[in-house]
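So the structure is just underneath, and the comments pick up after that.
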Amino acid sequence: MIRALPQLGQIDGHEVREAVLEDGDVRISILSLGCITRDWRVGGVPMVLGYADPADYLTNPNYFGVIAGRVANRTAMGRFSLDGETVQLSQNEGANHLHGGHRGIGARNWQLDQDAAQSVRLTYHSPHGEEGYPGAVDFTVTITLAGNTLTYVMEGSPDRPTPINLAQHSYYNLTGGGPVRDHRVMVHANGFTASDANGIPTGAVSDAAGTRFDFNQPRSLEQADPQQLGYDINLVLDGKSPTAMVQAPNGMQLTLWSDQPGLQLYDAMHTGPTPGGHDGQTYDRFHGLCLEPQSFPDSLNNPDFPPIIYSPERPYRQTLRVEIAQGKPE
C-alpha cells in the first residue's frame with residue numbers, strides 16, 4: 001500500500017509518499033523522503049527508532065532510517081582529489097563532510113513505486129554539482145520484505161567517475177524502547193579504522209582483539225564498554241557470514257548480512273533527548289544501535305582503503321539483508 005502525505009507539502013517537486021509492507025506480524029513503513037525506513041514492527045512492537053509524525057523527518061538531525069550518501073560517513077575537510085583535480089564538497093560537520101552534506105540523498109524526496117506485492121522501488125536523480133559532487137548519478141533502492149527479512153538493494157549509475165558510498169542508517173532497539181546497552185552484539189570483524197577526536201580515520205587499521213571494539217564473541221554493550229564511552233567506529237569486516245547478530249534479553253534477535261568491507265557501529269552516543277518518537281517515546285543517549293554496512297570513512301583521502309570511485313563502466317551496487325525475529329529469551 002502506498003499513500004501520499006500532502007501535509008508535508010512539495011519536496012523536490014513532488015509529494016512525499018509512504019509505503020507499507022506487511023508479512024505476518026511484521027509491518028514496515030518506508031518514506032520516499034530520504035528513502036527512510038520509518039517504522040519496523042514485529043507483533044506491534046517498534047524495532048527501530050523513528051518519528052510518529054512524518055513532518056519531523058523534514059529536519060531529522062539524527063538521520064533516523066535514511067539511506068545516507070552520496071558518500072556516507074566522514075570526509076576530512078570535505079575535500080579530495082579526483083583525476084588530478086581538487087574537489088570541494090559541502091562542509092556540514094564543522095570543517096568536515098558528513099553523510100552527503102547539508103542535503104544529501106538522505107534528505108531528498110525520491111520517487112517511490114510499488115515493485116511487487118511486498119517490494120518497493122525508489123529512484124532519485126542526483127545532478128552534477130549537488131553538494132559539490134562531480135557528475136550526475138541515478139540512484140535506485142529496491143526494498144523487499146519476505147517473512148522476517150528486509151532486503152535493500154542499493155544501486156548507483158554515474159555519468160562519469162565519482163565517489164559513492166551508501167549506508168542504511170536505522171537505529172535498532174529490539175526491546176521497543178529505552179537503552180540498548182543490554183543488547184548482546186556479535187560482529188565478524190578483526191579490526192577497526194583508528195580515528196581522531198572528530199571521527200576522521202588516521203589511515204591505520206588497528207587489531208580489535210582484546211579491545212572494546214572486539215565483538216567476535218557475543219557480549220553486551222555494557223560488558224564491552226562499562227565506562228559508557230560510546231561507539232561510533234568503523235569495524236573492518238572479515239567476510240564471514242552472517243556479518244552481525246544482536247540479541248536482546250527478551251529474545252528478539254537481529255541477523256545482518258552484508259557485502260561491504262566495513263560496518264559503522266554507532267550506539268546513539270551523540271543523541272540527546274528527542275521527543276516525538278514511536279508510541280510517545282522520547283529517545284535519548286544509547287537508545288538505539290546502528291549497524292551501517294559501508295566502505296571505510298574518508299576513503300577518498302586514504303589510498304590504502306577500499307576504493308569508492310565508480311563510473312559508467314563500474315556502477316555501484318550494495319546488498320543488505322536484515323532479519324528480526326523472536327528467539328529464545330535469556
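Including glycine, each Cβ sits where the backbone N, Cα and C put it.
Heads up, TrEMBL stuff is auto-annotated, nobody curated it.
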Further binder of beta-D-galactose named by TrEMBL next to Asn73, Arg74, His169, Ser170, Tyr171, taken from the candidates Asp12, Asp23, Asp225, Asp232: Asp232
Count of other CB atoms lying within 10 Å of the CB belonging to Glu292 (active site, proton acceptor): 22
Alpha-carbon distance [Glu292 (active site, proton acceptor); Ser170 (beta-D-galactose binding site)] in Å: 8
Integer Cα-Cα distance in angstrom, Asn73 (beta-D-galactose binding site) to His169 (active site, proton donor): 10
Euclidean distance between Cα atoms of Glu292 (active site, proton acceptor) and Asp232 (beta-D-galactose binding site), Å: 11
Inter-residue C-alpha distance, Tyr171 (beta-D-galactose binding site) and Glu292 (active site, proton acceptor) (nearest angstrom): 9
Packing count at Tyr171 (beta-D-galactose binding site) (other Cβ atoms within 10 Å of its Cβ): 24
Local backbone state of Arg74 (beta-D-galactose binding site), from DSSP in three classes: strand
